[in-house]
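Each remark here refers to the structure printed beneath this line.
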């Protein structure tokens, strides 16, 4: 691998997105969780839930700040690192980019209002309503920006004439075949990762021996949400598999190391490839790939050999896919065990066994890893194309010779940002204990009921 | 009006919006830090924080909006500016990132009030970012970005040796401080905070002199850099004269401590006239002789779609901004600081 501007641009873009994706997902998911808690608080007149919403919101601002600034980075880097891509594809993709900034505007405005109007309205419901534009704004941003990514995977709505996109239909470009599955998968996984991280925090407090009802309520709300979101993410993931089989068969084939086109195709889990592209040590599940691709054991699945070698995605995406799916199963399974804990041997009283709490604590990091793997898989799976079938990555990058030093600069920036973000968040929650805050606000809740 | 003219007007207007709100923000960051190190802290600091906290994120969006809109309407500008501005663009991004993050850390995350390091980062970036961003105006006059054998270069030598580059940097620095001080004077007056008002009024008057000098200096440097642009500007000289009149009236009112609401409107008009006059005479070029609004315009379908979305977006955006302003700028109780600060 040579370190030319193209490779370096890829690394820098990848790095920025790697950091941004986590914070962006929280930006989409956490407002929903906050709204859920505040709504429960108003519905049940239980101040614990309102306090939960307040404490989440306080931490959320910190993560939003990092999300906003890394989002600004990627927004500018699109033009700085991929000027040719923007010059050519800009003719077809400007609309969702532009709409995304509007959604971002709405989110930014109402988040500012929400944070500064606790106790300012006579009716608490009015304050909760402010979260609706925040949640809509962040989900809409995710929607628009994902349609753009979907376009790069299944471009349509234009004709390429002498290197220029002509006869453009912006809406057809936006609503391309990849849009439905991609958008819903992105949204569902953002909700999942947010619920999982918040569940992890609640589990951590319980593991540390806290006994207050507050933490148990937090755990219940977050784990139940995590279950619902993770399950929907998994179901949508299955649709995505069927989408790939139909529209991007080379991505699915590379993910599954499926070389020969055939019916009754087996699914390979794990394993290694030898020099003749034969799978060794893999776990083979008969018919599973055909079922994944078309719900029937005799569905014909297109193999990688149908594609010229220089248009095949890298084969290491197989591991990303496997790992992501495995984590996805865990994300459904652990919350499920929480729900049926009363049925577990030796746990009639519905207590929280230590192993279960540890599992819930792990949900957060696992979900973050799954999100990263999912995106890495989606992006590497599109190689060597930047706009599949039209423009290769190598043709789109900047020609500048300074990408290397910028890569170092940004790597340093992200290390500093993420490090300080974690420190600030940790300090924020330690400096004001829940029980102290409940006492301050006059909420009862130092003891177990 | 042709689509491309609508497009560039929309973008120019948003850049003007950014100029005003970001100037207030950048200058406020600097004054906030300055007040802490000079001991005026208790007088002006809280009033600055009260304004900035709910709006900092919105300010950022104005810039993104402009950049995205520019490459959307005029994809060629992404090619020329994008390739040539990799280093300065990245540096600005890093500064913006540090500023945004540390502002949030200081306001929401810090256990003790006003972490000195966070505030220093905040104050310093408040001056560095406008300086760096303003250089793009110098670059847009042409001669600095060159294209040889289909490769775009930024000519650093002529960039730094160019007096016009330095004149816009100076102009950016002083006008940020001037606009910000003028706004905060008005805000302090509204809050009924006499002590803060007197300090901020001092800043505003102090920075008004350098601002007008820098304006005149930059004005004549354009002549050396780009005579064609300069003669276009002379053709609409009345706009710049109006700008000067607004400036004089604004400074006079602050001096007399009168009609401070009008003062800030006059400051906006002063910069507005200069801004649109400058922009109008720059046309049809976005980058002199390389990117013109006519040749590098996006296809017509996309232009219609973008303008439609823009109009639809305004229906949501303007009411939202009005709510924000009413809650935090025109709400006497909040401005005086008697309603709760944050969750």
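From the backbone N, Cα and C atoms, a Cβ is placed for every residue, glycine too.
Ranges compared are A:219-237, A:238-256, and TrEMBL records transmembrane segment for A:219-237. Residue ranges A:271-297, A:352-378 are listed, and TrEMBL annotates A:352-378 among them as transmembrane segment.
Here TrEMBL gives transmembrane segment for one range in the set A:60-82, A:382-404: that range is A:60-82.
Sequence-distant contacts of the transmembrane segment (A:407-429), counting only residues of its own chain at least 6 positions beyond either end whose CB sits under 8 Å from a CB of the stretch, comprise 8, 11-12, 15-16, 19, 55, 58-59, 62-63, 65-66, 69-70, 73.
The stretch in closest packing with the transmembrane segment (A:60-82), judged by the count of Cβ pairs under 8 Å and taken from A:88-116, A:219-237, A:316-340, is A:88-116.
Counting same-chain residues at least six beyond the ends of the transmembrane segment (A:316-340), those with a Cβ under 8 angstroms from any Cβ of the stretch are 192, 196, 199, 223-224, 226-227, 230-231, 233-234, 237, 251, 254-257, 268-270, 356, 359-360, 362-363, 366-367, 369-370, 373-374, 376-377, 380-381.
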